[in-house]
Amino acid sequence: MLGFLLARQAGLEDPLRLRRVESTRRNHPDVHKYSVETVQWYPHDTGMFTSSSFDKTLKVWDTNTLQTADVFNFEETVYSHHMSPVATKHSLVAVGTRGPKVQLCDLKSGSCCHILQGHRQEILAVSWSPRYEHTLATASADSRVKLWDVRRASGCLITLDQHNGKNSQAVESANTAHNGKVNGLCFTSDGLHLLTVGTDNRMRLWNSSSGENTLVNYGKVYNDSRKGLKFAVSCGCSSEFVFVPYGSTIAVYTIYSGEQITMLKGHYKSVDCCVFQSNFQELYSGSRDCNILAWVPSLYEPVPDDDETISKSQLNRAFEDAWSSSDEEG
C-alpha cells in the first residue's frame, strides 16, 4: 500500500486553489439565511447532498438542479449533522443543535423520527461509525462524549471518561472527555478508534469499543472555536494521520504516536474545516479567507548532497513500493 506523508520537509507541493463550478446565489429561493455549518454528500449517490445552517434548517439538495428536495426545520440553531457512510438498513441523519437533544431525521419519511437524550448542553459535533451503521458518537459543550446504539431504547452505550474510571470520586471531572467544551470528533477510517478535540486545547484518542482513553499525548492542540471544529483523518495510508485546523494553519499528527509531523501553511485566515479524499490521497481545507485549498503530496522530495551545496531529489518515502517482484528477488 502506498504511504502518505504531508510534510514540507518531505516535499509537499504548494496547495492548489480550487475553482468554483456552481453555486447558489443569495437571491436563490432555497439558499440558507445564515452561516452554513456542515455540507455532506449523500454517501451512496452524488446526485444528492445535504447542508445545515444557523438558520435552524437541514436541507436536502438535488445536485443536478440545485433545488431543495426536502427541508427539516428545528427549534434551535444547527451546529452539525452527519449521514452514515456505511448504512444499508437506515437513512438517518444525526443532527446536533443548540439544545441538549440529538435529533435523528429519516430521509425516507421526511420527518424527525427519534431523539437521543443524555447531554446537558448544546450538541457541537456528531459522527456515525464507519464500522457499525447503528453506532453514533456525539460531543457536547457539557464536556462529554457519548456513544449510542440508535436501535436501543436507552440509546447510550458509553459516556467517555478521560480518567478511565480511576478518578470517579471527583464529581467535577467524572465521566467527562475533556476539561472544556468538546467541539469536534472523528472516527479513524477502520472505526476502531475515536478522536475528540476540546476547548481545553487537548486531543484524545479513544477505543471505540471499550471507551478507554488510550492516553496518546498530542501536546497542546490549539482550539478556540466557539462552534464545531471539523477535522479529518487519512485513509489508505501506511501511517495514519489526523489533520486539525490550527488558526490559519493545519496541524498534522500521526494518530497512534501523537507526533506532530508538520504545520500546513497556505491560508491567510482561520481554517474552519478539513476533509480527506482517500481515492486521490488529497486533503481539502476551507478557511475564512474564502479559499478552498487542495493539499497534494509531492512524488519526489529534495535531498541535500554531501557538500550541502547541491540538492537532488529522491522518491518520497510515502510513495515507495514495499513490495518486490520475484524477478528482483532472484
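Counting begins at 1 with the first residue displayed.
Cβ atoms here come from the backbone N, Cα and C positions, even for glycine.
Annotation source TrEMBL lists domain 'Leucine-rich repeat and WD repeat-containing protein 1 WD' at 91-150.
What TrEMBL lists as repeat 'WD' is 29-71 (among others). The average pLDDT the prediction assigns to the repeat 'WD' (29-71) is 88.
Residues or ranges marked as repeat 'WD' in TrEMBL: 116-151 (among others).
Residues 124-127, 129-132, 135, 137-141, 143-145, 147, 158-164, 168, 222-225, 227-236, 240, 242, 244, 253, 255-258, 278 of the same chain lie 6 or more positions beyond the ends of the repeat 'WD' (175-216) yet place their CB under 8 Å from a CB of it. Under the heading repeat 'WD', TrEMBL lists 175-216 (among others).
Taken from TrEMBL, the feature repeat 'WD' applies to 264-295 (among others).
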Same-chain residues at least 6 beyond the ends of the repeat 'WD' (29-71) whose Cβ lies under 8 Å from its Cβ atoms: 22, 77-87, 93, 95, 97, 105, 107, 110, 227-228, 230
Secondary structure content, the repeat 'WD' (116-151) (per DSSP, counts of residues): 0 helix, 18 strand, 18 coil
